[in-house]
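Peer 1: From Swiss-Prot, here are the annotated features:
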type: ACT_SITE; residues: Glu205; note: active site, proton donor
type: ACT_SITE; residues: Lys337; note: active site, proton acceptor
type: BINDING; residues: Gln163, Lys337, Arg366, Ser367, Lys388; note: (2R)-2-phosphoglycerate binding site
type: BINDING; residues: Asp242, Glu285, Asp312; note: Mg(2+) binding site
Amino acid sequence: MAMITDIYAREIMDSRGNPTVEVEVYLEDGSMGRADVPSGASTGAYEAVELRDGDKSRYLGKGVLKAVENVNEIIAPELIGMDALDQVGIDMAMIQLDGTPNKGKLGANAILGVSMAVARAAAESLGVPLYNYLGGFNARMLPVPMMNILNGGKHADNTVDIQEFMVMPVGATSFKEALRTGAEIFHSLKKVLGEKGLSTAVGDEGGFAPNLKSNEEAITTILDAIKAAGYEPGKDVFLALDVAATEMFKDGKYHFEGEGVVKTTEEMIAFYEDLVNKYPIISIEDGLSEDDWDGWKALTDKLGSKVQLVGDDLFVTNTERLARGIETSTGNSILVKVNQIGTLTETFEAIEMAKLAGYTAVISHRSGETEDSTISDIAVATNAGQIKTGAPSRTDRVAKYNQLLRIEDELADTARFGGRSAFYNLKK
């Protein structure tokens with residue numbers, strides 16, 4: 001038994017200069033696990049509750065001392081003495097202790113910090129890597145990175161409405177090669193933007209945030225960068241979009257404020273169909289609002305066989321919402337964010353449910369990150385095949401990529417790379 005002897009939480013800083021929760025779990029054998037909790041900028045209405053203090057005189061109301069106190073004063077006494085190897089039992093105990101459907105009492109940020117730190121402590125106690133502890137001997141698939149190299153929407157102060165324009169080096173044969181490809185395209189894009197006299201300042205997730213004339217210009221600019229880096233769009237590298245359409249949805253329509261255009265659901269679907277026909281786009285995330293279920297279904301019927309349609313705000317890593325999507329054949333992929341649901345157990349349940357239904361699962365960071373690289377281990381542990389964790393820029397993003405390089409190195413000849421097989425539900 002790896003008995004928990006102490007749990008301690010503190011307030012630390014995330015990559016946007018906002019407070020977040022860090023938790024340490026100590027075991028009887030001297031092992032310790034530490035975890036930091038991420039935070040999102042564009043958040044779905046159905047996400048688990050991130051507890052903030054609301055005291056405007058301190059960190060503009062964004063302090064997390066209440067969540068820290070909940071760990072130290074409420075959760076710790078309940079879990080001390082439990083076996084850290086009983087991840088499900090520990091997570092269920094915290095869910096029951098909270099007693100709300102959305103973790104609104106203790107805070108998902110408090111509960112998740114403990115959940116991840118317990119897993120890290122257990123892995124250290126057993127002397128195995130975290131991905132191996134979580135996934136077992138078959139945890140060996142390195143994910144295709146979904147690299148956000150151009151930012152708009154809530155992730156940047158510019159005129160681009162679509163939140164993220166990403167590259168996916170699907171044609172690479174290893175994670176190391178995929179990361180190099182993405183990094184070379186990133187530097188190529190910086191040069192392309194500089195030659196056009198555009199800003200090369202970066203947004204929350206490390207991507208550039210230039211003022212472009214349209215969302216389509218963002219796509220063509222990235223294609224120029226891919227070619228300039230020596231890669232072939234549609235063969236070596238594909239594009240992925242995160243529209244974050246819920247942020248645009250007002251009064252039943254979608255408002256592209258940067259372009260000064262308003263679109264209906266039907267016009268949005270036609271817009272995506274046109275983009276997919278013109279450009280090598282392999283994935284579209286949150287193409288419609290989180291409550292536009294009929295629209296999502298129509299979008300899936302139209303494009304679901306050839307494009308990955310990822311539900312982030314739609315599914316919020318929640319098995320109940322995912323089950324509704326599966327039952328109605330809505331979307332074909334789930335974005336997995338640990339802090340949307342609040343425990344590792346529930347995160348793994350969502351991934352398993354998606355895979356059993358033939359949906360893909362994309363493991364994801366948040367825009368507010370830390371040096372914590374747990375999601376890298378989760379991606380390998382679940383053989384998810386895809387990870388979304390920003391540009392190859394900013395330490396809070398690169399920390400995840402560096403951990404994946406270490407894992408690939410450690411797995412050596414047994415490592416596999418997701419590549420095109422990561423999109424197992426699309427017709428070639």
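Residue numbers in this text run from 1 along the chain shown.
Cβ from N, Cα, C; glycine included.
I'm curious about the neighbourhood of these features; can you describe it?
Peer 2: For the recorded site, Lys337 (active site, proton acceptor), the DSSP three-state label reads coil. Counting only same-chain residues at least 6 apart in sequence, those with a Cβ under 8 Å from the Cβ of Lys337 (active site, proton acceptor) are Pro38, Gly40, Asp312, Val316, Thr317, Ser364, His365, Arg366.
Annotation note: Lys388 ((2R)-2-phosphoglycerate binding site) sits in a strand segment as assigned by DSSP.
Sequence-distant contacts (6 or more apart, same chain, Cβ under 8 Å) of Glu285 (Mg(2+) binding site) comprise Glu164, Ala240, Leu241, Asp242, Val243, Ala244, Val310, Gly311, Asp312, Leu335, Val362.
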Peer 1: Arg366, Lys388: which of these binding-site residues has the sparsest Cβ neighbourhood within 10 Å?
Peer 2: Arg366
Peer 1: What Cα-Cα separation, expressed in whole Å, is found between Glu205 (active site, proton donor) and Ser367 ((2R)-2-phosphoglycerate binding site)?
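Peer 2: Rounded to the nearest whole number, the Cα-Cα distance is 6 Å.
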Peer 1: Compute the centroid of the Cβ atoms of Asp242, Glu285, Asp312, then list the same-chain residues not in that set whose Cβ lies within 8 Å of it, in sequence order, for the Mg(2+) site.
Peer 2: Gln163, Glu164, Leu241, Val243, Ala244, Ile284, Asp286, Val310, Asp313, Leu335, Lys388
